[in-house]
Amino acid sequence: MASSNLIQQLQERGLIAQVTDEKALAERLAAGPIALYCGFDPTADSLHLGHLVPLLCLKRFQLAGHRPVALVGGATGLIGDPSFKATERKLNTAETVQEWVEKIKRQVSPFLDFDCGDNSAVAANNYDWFGSMNVLTFLLDIGKHFSVNQMINKEAVKQRLNRDDSGISFTEFSYNLLQGYDFACLNKQYGVALQIGGSDQWGNITSGIDLTRRLHQNTVYGLTVPLITKADGTKFGKTEGGAVWLDPSKTSPYKFYQFWINTADSDVYLFLKFFTFLDLAAIDALEQEDRASDKAPRAQYVLAEEVTRMVHGEQGLAAAKRITASLFSGALADLTEDDFAQLAQDGMPTVHLERVADLQQALVAAELVPSRGQARTLISSNAVSVNGEKQASIDYVFDDADRLYSRYTLLRRGKKHYCLLNWQ
C-alpha cells in the first residue's frame, strides 16, 4: 500500500469517516514517512472488535512505510471518555487500570512490527506524562489553551449536557484536555503528525490538533474511521452473550470464528474491506463468484479465516475450524481436550454428572427434555446422539468409552441442541 495513494485506498475501502485537510495530508504522506498514533483506553481487561478497525488502520500505515505509535491510556483510562456516552463511566482503581494497561499492550503488539528499522512501532502510555503532573501545571500549561465555550459546544459533550437525567462531571469534562495533550506530547517526542481513531473521537482529535499548533507551532492532522454498523441496523460486535473480545480467554477462537461465519450476506463484502488486507480486486471477484453460484457464499468463510488467523494465529484458527467441522459432522474424534474446554467456556450448556447415570437422566439434567417420559419418546424417535452417534436404546447407560478424555460426553437433541456432560 504505497504512501502516495494511501488516502485514496483507504477511501476506496470505506475506511475514512472524516479527515482534516485531506489534500494537505495526502501531500504530506507522499512527501515521506510520518509518525501517527491511535489511543486505546483500558476500560476493560481486553480490547474488543470495536478496536480492531483503528488498530488495523495503524498496521495499514506501517505497511506503507509510516511509523505507528500505539498509545495505551494509563491516565485517561482512569478518567473515562464521555464522548457520546449516556452516563458517566464507573471509575476503576489505579491498580486495576494498570493491570489492564499491561494486558492491552500485549494484545496490540502482535498486530504491529516493533523491529523493522525506521518505521518500527512504538508502544506508549500517557500515564508517563500525566502521572507526575500537578494541578497547577495542568491548568497553566494546558487549561489556558482551551475555551470552555468551544468545549461545551462539541457534540459529544453537548449530548450529555442536554440530558435531564445526567449531566457531566468535571472529571469527564477534562478528558478532552488530556487527549489533546497526548497529541502534543507525542508530536514533541516522536514527531507524530497524525492521530487516527473512531468517528466518536473527532472532537478530541481536533482539540489535539489545535493544542499542538499552539504549543509547538506544528501542523498536524486527524483522521477517523467509521463506527461499524450492520445493514440491519443492529450493533456490530455484539452477540447474545455480550461483546466479542480479542482475548481468547473471554471469547474463544471458536466463538470468534463463528461470529464471522454468521455475518449477513449484506455485510460480508464490506467487512472484508474493513477487517482484512485482501485487495479490492480479490474481494470484488469473490462477490461476483458468490452471486453467480447456487451454493452457499464463500465470503463468510474467507472473512472468518482471515480475521481469526490475524487475531488468534494459525493454531487458534485450526482449533476453531476443527470444532466447527466436528460439530457439523458429528465426528468428535478429532477434538482435543482443550477444544471441549473451549465449548464449555463459550457457553455451551454444561452439566456435571456422577459416574453412574443413564441417557434418560442425562437428557433431563441437561434440560434437553423436561421429563424421563419425553426422554424415552425422543430416544425412540432416533433424535438423540451421544458423541455424534445416534442412540435409540431407551435403557442406555453410559460407559467409559462415552467419556472422552475420561471427562466429556456431547449430547445432541435433533440438529442444533447440544449439551456437554462433564463427568465427576
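Using N, Cα and C of the backbone, Cβ positions are placed for all residues, glycine too.
Positions annotated as L-tyrosine binding site by Swiss-Prot, on the basis of sequence analysis: Tyr37, Tyr175, Gln179. Taken from Swiss-Prot, the feature ATP binding site covers Lys238, and the record attributes it to sequence analysis. The domain 'S4 RNA-binding' annotation in Swiss-Prot covers 357-414, and the record cites sequence analysis as its basis. What Swiss-Prot records for 42-51 is motif ''HIGH' region'. Feature annotation from Swiss-Prot assigns motif ''KMSKS' region' to 235-239.
Between the C-alpha atoms of Gln179 (L-tyrosine binding site) and Lys238 (ATP binding site), the distance comes to 27 Å.
In this structure, the C-alpha atom of Lys238 (ATP binding site) lies 27 angstrom from that of Tyr175 (L-tyrosine binding site). The binding-site residues under consideration are Tyr37, Tyr175, Gln179, Lys238. Their Cβ neighbour counts within 10 Å are lowest for Lys238. Note on the motif ''HIGH' region' (42-51): mean pLDDT across this stretch is 92. In this entry, L-tyrosine is bound by Tyr37, Tyr175, Gln179, whose most widely separated C-alpha atoms sit 18 angstrom apart.
DSSP assignment over the motif ''HIGH' region' (42-51) gives 3 helix, 1 strand, 6 coil. DSSP assigns the residue listed as 'ATP binding site' to a strand in the three-state reduction.
Under the DSSP three-state reduction, Tyr37 (L-tyrosine binding site) is assigned to strand.
Residue counts of the domain 'S4 RNA-binding' (357-414) by helix, strand and coil are 19 helix, 14 strand, 25 coil (DSSP-based).
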